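Visitor: Pasting in a structure now, in structure tokens, and then I'll have a few things to ask.
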Amino acid sequence: MSNLVLMTLLLMVMALAYQLGLTRSKRVAVTTNGTGFRMHSRPTYHGMLVAFWAVVPAAAIFAVWSLAQPGIINALVLAQLPPEFQPTTDTEQRILLRRLANLASGFGLTEEAADYELAAAAYLNQLHGIGRTLMTALMAAVAATALVLAWRRIEPHLRARNQMESIIRWLLIICSTVAILTTVGIVLSMLGEAFRFFTFVNPLDFFFGTTWNPRFSTVGTDGQTGFGMLPLLWGTLMIALIALAVAIPVGLMAAIYMAEYAPSKVRSTAKPIIEVLAGIPTIVYGFFALITVGPFLNQLGASFGLEIRTTSALTAGVVMGIMIIPFISSLSDDIITQVPKAMRDGSLGLGATKSETIRKVVLPAALPGIVGAILLAASRAIGETMIVVLAAGNSPVLTANPFEAVSTMTVTIVNQLTGDLDFASPQSLVAFALGLTLFVITLLLNVVALVIVRKYREQYE
Amino acid sequence: MNTMQVSFGEKKDNAAQAEHAVKMSARDVKVFYGDNEALHGINMDILENEVIAFIGPSGCGKSTFLRCLNRMNDTIDTARVTGLVTLDGKDIYDRSLDVVQLRAQVGMVFQKPNPFPKSIFENIAYGPRLHGLVDNKRDLDEVVESSLRRAGLWDEVKDRLEAPGTGLSGGQQQRLCIARAIAVSPEVILMDEPCSALDPIATSIIEELIDELKGSYTIAIVTHNMQQAARVSDKTAFFHLGNLVELNDTREIFTNPQDSRTEDYITGRFG
Ligand SMILES: Nc1ncnc2c1ncn2[C@@H]1O[C@H](COP(=O)(O)OP(=O)(O)O)[C@@H](O)[C@H]1O
Ligand SMILES: [Mg+2]
């Protein structure tokens with residue numbers, strides 16, 4: 001019986017249990033009505049409770065069993081191998097087990113199997129069969145017992161509703177825990193790998209080195225050079241700054257127009273249209289940069305006698321700026337609209353014009369929130385990958401010239417992690433150190449932005 | 001406390017008081033919000049250096065009319081004003097008249113205190129800076145001090161002019177807003193229920209302030225509180241459903257109303 005069939009069966013049991021619970025609770029309600037009893041919970045809750053008990057313990061057994069079974073079976077198989085064929089090292093053992101598994105399933109064999117191997121494979125198959133049967137039987141037994149017990153428990157006083165509520169609460173808690181644990185796990189694994197990287201390369205050289213040119217030298221020899229992060233950090237910052245230089249004026253003015261000047265009809269159509277910009281896949285922006293913006297800037301530069309490379313910090317920055325416009329315009333628009341009308345009236349009532357009011361009262365009042373919006377956009381720009389992969393030129397040198405090609409941390413991570421990988425070498429491990437640095441930078445930006453935005457909120461509520 | 005105690009300022013007993021010149025006047029003023037006509041042709045004269053109170057049930061158009069007097073209705077997209085409103089005989093809706101100038105002459109204090117989220121000093125300095133009334137820091141300091149003094153706030157805030165205006169109490173904030181309006185030397189001050197968000201003590205301080213100001217300014221005040229109208233105003237205008245029902249000396253309105261609707265309102269039969 002495959003897992004899929006098993007799951008389907010469980011679902012059917014669930015539906016059945018629900019119906020059983022529903023029917024019984026209704027019947028109980030009817031029989032007790034005469035004697036003045038009222039059901040504590042409505043029938044659906046009883047149904048759900050029975051369904052829960054019928055399925056969840058069985059599913060838990062399935063999960064635990066599936067996790068534990070392979071290890072136990074492998075141990076049993078290894079134990080019955082003749083002593084002369086016992087593997088001596090871990091690697092040997094892995095290879096042998098792989099081979100036995102292939103033999104047992106009849107796929108992927110490379111050479112003739114020895115007798116002892118065939119015997120072991122047969123034993124493996126047999127154990128698998130037994131395991132599955134046992135598991136299915138156990139699940140069936142548990143499901144049936146739990147169903148019957150839960151079913152018989154149904155009576156007018158049973159607080160099924162409350163029990164269901166707490167079950168649901170636990171379900172929600174488990175889900176959020178999964179999300180949190182995943183984050184923690186990612187950070188921890190990054191930390192671990194980055195730490196391994198720093199056993200090869202001195203952190204000082206990494207954080208403050210000015211050349212990025214990691215060559216493939218033999219692993220283990222000292223003197224790993226060329227892991228200076230600064231050119232990448234600088235490239236990242238330069239592109240982000242160019243992007244902000246494009247997005248802040250455009251986004252802010254769009255926001256001011258939408259919040260203060262546009263008739264509500266225009267606003268309600270323009271805003272979603274601008275927000276579409278944020279939904280375009282970044283790879284499309286990458287094309288756009290490479291095929292349209294790059295050559296355009298190149299020609300534009302040529303007409304001024306400037307040499308602008310097609311793929312350059314400028315190209316990537318401009319296109320990224322377009323991408324983050326909606327982050328700034330939409331958030332700022334919301335924040336500007338939140339500034340109370342009383343504030344505007346006060347200023348207008350003193351004889352200020354509309355634009356004076358906006359400049360001197362509305363924007364200062366909205367400033368903390370706008371700064372928050374800008375920081376969020378900046379952290380988005382710093383973490384952006386596809387646009388820079390295609391349009392920044394991938395040249396990790398420390399240059400102050402935005403018309404030159406540069407490289408960023410994200411691009412470098414991609415480069416270091418494509419192709420044949422050896423996860424024991426600093427050339428790959430450096431990706432984790434870069435990723436961690438990037439993570440810390442964007443995290444800080446986000447925290448600062450959130451703190452600012454929250455502080456601003458308190459001001460008017 | 002159920003019976004209404006009406007007390008009048010002493011000056012109004014003085015019938016021999018000189019006739020005041022007409023400061024502002026309205027002729028057949030109608031206001032439309034979209035297609036909805038909120039005011040149905042108001043005629044009114046507001047005399048110089050008098051306090052006129054607008055009373056009437058909620059939604060009858062008091063605020064709407066008040067906002068016609070300094071063209072604050074312009075800031076509402078859907079609002080449209082017809083008819084004639086003059087200040088010193090000049091049509092304030094005339095194209096040649098600059099609304100910026102008008103609002104410097106006709107200041108406004110709002111229902112809810114609305115200081116800018118800036119320092120106390122900056123709140124007062126805002127208007128004078130805007131209109132270029134001062135050209136150096138010393139003059140500005142002087143304007144700020146004298147405005148705060150006139151609003152009776154100076155002693156309370158003189159040591160913390162750099163503190164945010166939003167940190168003051170409600171009553172202080174409202175006096176700050178009055179000081180802010182005074183700072184641009186207006187001739188008329190419009191107040192839309194200036195005490196409705198304040199406690200009784202803060203309210204009486206503001207009422208005293210209005211009494212002091214009326215020697216130098218023409219004041220129009222919307223109020224829900226009839227005792228307040230009786231205490232602070234020389235004239236009272238009763239609005240009902242977008243019409244000006246009755247306008248007379250405050251004493252007359254409260255002791256001898258001509259219209260039955262006015263009588264019903266001031267005796268509390270509806271409101
Ligand atoms: N901004 C506006 N848009 C549409 N209608 C309004 C607006 N302001 C006021 N009105 C309408 O105009 C009428 C008079 O309102 P208002 O002048 O605020 O009354 P009052 O100040 O006497 O309570 C009311 O019917 C109100 O619904
Ligand atoms: Mg009103």
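Placed from the backbone N, Cα and C atoms, the Cβ positions cover glycine too.
All annotation found in TrEMBL is predicted automatically rather than curated by experts.
For reference, TrEMBL lists these features for the protein:
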TRANSMEM  A:6-23  transmembrane segment
TRANSMEM  A:44-68  transmembrane segment
TRANSMEM  A:133-151  transmembrane segment
TRANSMEM  A:171-191  transmembrane segment
TRANSMEM  A:232-256  transmembrane segment
DOMAIN    A:233-449  domain 'ABC transmembrane type-1'
TRANSMEM  A:276-296  transmembrane segment
TRANSMEM  A:308-328  transmembrane segment
TRANSMEM  A:361-382  transmembrane segment
TRANSMEM  A:429-453  transmembrane segment
Visitor: Compare A:133-151, A:171-191, A:276-296, A:308-328 by their Cβ pairs under 8 Å to the transmembrane segment (A:44-68) and return the stretch that comes out on top.
Guide: A:133-151
Visitor: When you scan the chain for residues with a C-beta under 8 Å from the transmembrane segment (A:133-151), skipping those not six or more beyond its ends, what do you find?
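Guide: Hits for the transmembrane segment (A:133-151): 1, 6, 10, 13, 17, 20-21, 24, 49-50, 52-55, 57-58, 61-62, 65-66, 69.
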Visitor: Near the transmembrane segment (A:232-256), which residues from the same chain, at least 6 beyond its ends, have a CB less than 8 A from one of its CBs?
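Guide: Those are 212, 270, 274, 313-314, 316-318, 320-330, 332-333, 336, 358, 363, 370, 374, 377-378, 381-382, 388, 392, 396, 398, 402, 406-412, 434, 437-438, in sequence order.
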